[in-house]
Amino acid sequence: MEGRSRRRLLRLSKLYSFVTCGRARPEEGQGQIGGPGFSRVVFANDPDCFEATNLDYVSNYVSTTKYTLATFLPKSLFEQFRRVANMYFLVAGCLAFTPLAPYTAVSAILPLIVVIGATMLKEAIEDWRRYQQDIEVNNRKVKVHQGEGKFSDTEWKNLRVGDIVKVEKDEFFPADLILLSSSYEDAICYVETMNLDGETNLKLKQSLEVTAGLQTDTDFSGFKAIIKCEDPNANLYTFVGTMENEDQEYSLAPQQLLLRDSKLRNTDYIYGAVVFTGHDTKVMQNATSPPSKRSKVERKLDRIIYLLLSFLVLISFIGSVFFGISTKKDSRRDNRWYLEPDDSDIYFDPDRAASAAVLHFLTAMMLYGYFIPISLYVSIEIVKILQSIFINQDIQMYHEESDKPAHARTSNLNEELGQVDTILSDKTGTLTCNSMEFIKCSIAGTAYGHGVTEVEKAMARRKGALLVDQPDTEQIIEGNHVVAKPSVKGFNFSDERIMNGNWINEPRSDVIHKFLRLLAICHTVIPEVDEVTRKISYEAESPDEASFVVAARELGFEFYQRTQSSISLHELDPLSWKLIDRSYTLLNILEFSSSRKRMSVIVRDEEGKLLLFSKGADSVMFERLAKDGREFEQSTREQINEYADAGLRTLVLAYRELDEEEYMEFNKKFTVAKNSVSADREEKIEEAADMIERNLILLGATAVEDKLQNGVPECIDKLAQAGIKIWVLTGDKMETAINIGFACSLLRQGMIQIIITLESPEILQLEKDGDKETILKDLVDLVQSANLVLVFQASKESVIRQIHEGKKLLGSSSTDSFALIIDGKSLGYALEDDVKNMFLELAMGCASVICCRSSPKQKALVTRLVKAGTRKVTLAIGDGANDVGMLQEADIGIGISGAEGMQNVYYWCMGTGVTGGFHQWFDLDSYKVEALFFPIWELTGSNNLQICYFFYKNITFGVTLFLYEAYASFSGKTAYNDWFLALYNVIFTSLPVIALGVFDQDVSARFCLKFPMLYQEGVQNVLFSWSRILGWMFLGLCNANIIFFFCISAMQHQAFRRGGQVVGLEILGAVMYTCVVWVVNCQMALYITYFTLIQHIFIWGSIAVWYLFLVVYGAIPPSISTTAYLVFIEGLAPAPSYWIATLFVVTAAVIPYFTYSAIQMRFFPMYHNMIQWIRYEGKAEDPDYCHMIRQRSVRPTTVGVSARLDVKLSVASAQTLLPSRSAALARGQNEHAK
């Protein structure tokens, strides 16, 4: 078929070290089958048998929703009434049905229903989206065996335990399967587990040999098997089970398990038996919600609510005391005789004044409930949702290459983004691209490759030199034109000495020949040949392995075919200078692992020689060299160090020839080890491999570059200028991490590095001398002696000593900037309970922190330490499974979708950000500075005014109620109509604050980027401090007094109508309410710094709606409108005093804030006020004035490109100033001499 890649059938069971094939007798690991935790029984290809139907296994339907139809109402109501304000309004609403209520029950309950309903509607919409996503997943199709060798498409949700399924290339596995066979003869398949662990590297799986022959659909017509295995659990990397087929029992291992949501790659199809379905699958077992997290703003909001409730109780108590005293005095007939105390009920009975006071207290608690903003929570939710939509739609956060916008998975922690104090970032795939390029190499002690890395450029800039990358650009002729040769992915190498076949002329061409041959053979790459273009592409388990094969191809050794037992190359023949075909018999593959740190292959060439090719880390390869194989060791070591300094990843390449006897002995031991299913199987395999991987001959070393993400240095510079601390947690070795730090400006020249390490100089010297036997002997003696504890104690004491020395160094200078670099071994001790506080104290005194060789657990523990120790907002950024713990521990987790991690982000969100709403996730290809500065507007709008303004307007409104009740002898009578009360928070004052929270900008994006220290106003809580909150509350108190007393003074004892009538309660209440609506909306208009049309509509529209409501509601019959009946048409509108009083009161009420704001802005400006002045006065392009503003920042910048430039300028100015001062001093001495 055209366009389809061609692939050979492979038989690799004899090659790979992990493959268990043939019939195996159950050993140690299988002895638990049938016991607790290992009780699952699967009847493969017979799910309808009697025994299977009695097993109550879950269906394959998966639900990630938070609610169901049955649980939505109770669970959602529980979530809503966990909030103290909502619970208060519920109690008040229930009391509204009693005679104690100062208003009607409907007017009290309806606003609560609207607010709770809106929030529940938002929850329902979000859960509906999750439900739609579930439907899409559950309705995917897969081929299922229906009997008699026939397969038909069935929806995922209908799968049952025991079904036989057929999954084709690039499809996801619908459940956890036991691999039975595949399109390959040897029943292997390639699996991509990006959805599970974030890695794009392919994993190799293989079935048992007994089922490998089931190659066609018809082969399953008579197949039956019983699988017994472990119960459902969350461990992705273990599996214990047995398969019983034709009265024989075979052991199952993780190599036969295909996990749900993994993808089949490079394999046409596989057959598998379903063992775990639905929520029993391992991926769903891992998708559990973490503990609930609440933002600091929300927690502070609760404290404010409690404060207001305390104030409410206080004034209710005071009012009740006064009411009780007044009621007691009513026993004298001359006091409030109009209340008829002799014929009053308990509420005004002088003989029961204490009871009346208690009942009045309950009435006052309901009446003053308007101090609590009922619409606050729902308004905040609306603002967060709109902000998330804006983030998703922001063109500045759109990544064009991948066609991906930002995606805010949840809005619950938006405000936290404006308060981040510390960022903890992964390096590989986050700071760097995880896209490897072959850029340099060392062969026979000679360095090749002229490429310049980002690290080298940064190092040159540190030295003040200009280093330009000038590669030897190859050209090709097309027609009459000479054009540049197109770049090759994974290959950025340029050196004419060995390119284009010129390596044949090099002095050690024999070594180069072996070096390139090793690159082309020592790997597990699968070639794919496009039938149309005939171009070869490679599928590799890791990006660096693919780059090696591509480099070999570009240098004349093209790997083009892999069969079941051979590897075929197009080699450049040194004698004829022509490409020739050579085939190598592939005998064994010794896989790479984190413990081995190397991989090897054993092949037989066409001359019959047995060759072992090996590549691995320098720490394990140099010790395996033969005495006569160290010819280039010293120079290769030096060049490896240079490559590490340049931020490159290095591997050492070596080989040896084997004799037949030695190989046969190894192969026998290796075969026994790989077929073992005992608990120590891996140890046996490593022991066998270690026996053959010795006495190697060094060829050279490779160096590949993991390039920085676009914009990383600039972003880190802006973050540093914003005063945010940056920690890098990486698994790379210290030299690489340090140089990447220099490349991205996390480190700079002149910064004092505090390095904490446990690398023993004595051990390092022994390794350098190659005396490994001495080291091993010493280590064995230590392990066997009782002094092992002393060794660990010495290591811990060394770490503590180094931490103390670092703290002394910090205290010795107040001007220098420091960087802390610590390796994984030392970090393990630094995170112990009795050391971690000292370590954190040292780290927080440094401008940047780099943790090298960190394990995933250490990343999570460091994040937990920073969050708990500083009690400030932490943000973690990562892209792989090893970052998930760190992301979950941080206050905010950001998932980067790059070569790794996009699906990882989504699937971990199922258990974190989406269902629980506890994490903030963005799908970004690289760092975006705008992701930082958007929250500045959100913080100033949402935190500073949205919340403060809510309390301000409610205090203004509530205090007028209190003052009127005091004016009326605390009689429990409200000044306003019931529906005036009910709609105040819901209609007349709610929309403007939502518009402000979404649209207002104190400073534009351009000025935010120009003055990043603006961000510190959020971190230091300047805009949401208690003083600011109490200030707004005090303003509300002042405005309420102005409104009440001015209205009373203007209306009392005055002829309000032409007939001379004075105002009644209905007129006074409407006038006061009009003034309140005007004042609180005008105060908002005064604060807004960035007006939009929507804000104008919402502010002035709210006032217009009030007048419209007065007209419409007043036209309703008085049985419903009560005191509002025709109050505007007949009472307010015709009276000039109403309009004059409104104008006078509103003007008087806004003058205090206007005066304070003008004085503060002019004489005591905050940092953002200074930037506003720059914009207003047109001095944005004045460098001196802008520099002066920057000097008034909250803290100096010590990290980033700008800090590096500042240091350079300060040094230059000091050097310039010194001669001038010397000259001035000399002139002064001459004058004195004269």
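One-based numbering along the chain as shown.
Using the three backbone atoms N, Cα and C, a Cβ is placed for every residue, glycine included.
Feature annotations, reproduced from TrEMBL:
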type	residues	note
DOMAIN	43-108	domain 'P-type ATPase N-terminal'
TRANSMEM	84-102	transmembrane segment
TRANSMEM	304-325	transmembrane segment
TRANSMEM	357-378	transmembrane segment
ACT_SITE	ASP426	active site, 4-aspartylphosphate intermediate
BINDING	ASP426, THR428, ASP879, ASP883	Mg(2+) binding site
BINDING	ASP426, LYS427, THR428, GLU545, PHE592, LYS615, ARG649, THR730, GLY731, ASP732, ARG853, LYS859, ASN882, ASP883	ATP binding site
DOMAIN	947-1165	domain 'P-type ATPase C-terminal'
TRANSMEM	979-999	transmembrane segment
TRANSMEM	1029-1051	transmembrane segment
TRANSMEM	1071-1090	transmembrane segment
TRANSMEM	1097-1116	transmembrane segment
TRANSMEM	1136-1156	transmembrane segment
| said: Let me spell it out: take the transmembrane segment (304-325), skip the flanking residues so only those 6+ beyond its ends count, and list any with a Cβ under 8 Å from a Cβ in it. | reply: 84-85, 88, 353-354, 356-358, 360-361, 364-365, 368-369, 371-372, 947, 951, 962, 965-966, 969-972, 1029
| said: Would you say the transmembrane segment (1097-1116) and the transmembrane segment (1029-1051) are touching, if the rule is that at least three C-beta pairs must lie under 8 angstroms and be 6 or more residues apart? | reply: no
| ASP426 (active site, 4-aspartylphosphate intermediate) and GLY731 (ATP binding site), distance between Cα atoms, whole Å | 9
| said: Can you tell me which parts of the same chain pack against the transmembrane segment (979-999), counting only residues 6+ beyond its ends and a CB-CB cutoff under 8 A? | reply: 103, 107-108, 110-111, 114-115, 370, 373-375, 379-380, 382-383, 386-387, 390, 938, 941-942, 945-946, 949-950, 953-954, 957, 1069-1070, 1073, 1076-1077, 1080-1081, 1084, 1087-1088, 1090, 1092, 1094-1095, 1098-1099, 1101-1102, 1105-1106, 1109, 1113, 1124
| Any idea which of the recorded positions ASP426, ASP883 has the thinnest Cβ neighbourhood at 10 Å? | ASP426
| Within 10 angstroms of ASP426 (active site, 4-aspartylphosphate intermediate), Cα basis - binding-site residues out of PHE592, ARG649, ASP883 | ASP883
| field | Sequence-distant neighbours of ARG649 (ATP binding site) in its chain (C-beta under 8 A, six or more apart) | value | MET436, ASP544, ALA703, VAL704, GLU705, ASP706, ASP732, THR736
| said: Considering only Cβ pairs within less than 8 angstroms, which of the stretches 84-102, 1071-1090, 1136-1156 has the most against the transmembrane segment (1097-1116)? | reply: 1071-1090
| message | Using Cβ atoms and a strict cutoff of less than 8 Å, what residues sit near the transmembrane segment (357-378) while being 6 or more residues removed from its termini? | response | 83, 85-86, 88-89, 92, 95-96, 100-103, 108, 111-112, 115, 118-119, 301, 305, 308-309, 311-313, 315-317, 319-321, 323-324, 327, 346-347, 947, 950-951, 953-955, 957-958, 961-962, 965, 970, 972, 974, 981, 984-986, 990
| Can you tell me how the residues of the domain 'P-type ATPase N-terminal' (43-108) break down into helix, strand and coil by DSSP? | 29 helix, 2 strand, 35 coil
| message | How about long-range neighbours of the transmembrane segment (1071-1090): same chain, 6 or more residues beyond its ends, C-beta under 8 Å? | response | 945, 949, 952-953, 956-957, 960, 964, 975-976, 980, 984, 988-989, 992-993, 996, 999-1002, 1035, 1039, 1043-1044, 1046-1047, 1050-1051, 1063, 1099-1100, 1102-1103, 1106, 1132, 1138, 1141-1142, 1145-1146, 1149-1150, 1153-1154, 1157, 1172
| said: Can you tell me the CA-to-CA distance separating ASP883 (Mg(2+) binding site) and ARG853 (ATP binding site), as a whole number of Å? | reply: 14
| note | Sequence-ordered list of residues in the chain of PHE592 (ATP binding site) that lie 6 or more positions away and have a Cβ within less than 8 Å of its Cβ, or none, is ARG598, MET599, GLY616
| query | Once the chains shown are all counted, how many other Cβ atoms turn up within 10 Å of the Cβ of GLY731 (ATP binding site)? | reply | 19
| said: Using a 10 Å radius around its CB, how many other CB atoms surround ARG853 (ATP binding site)? | reply: 19
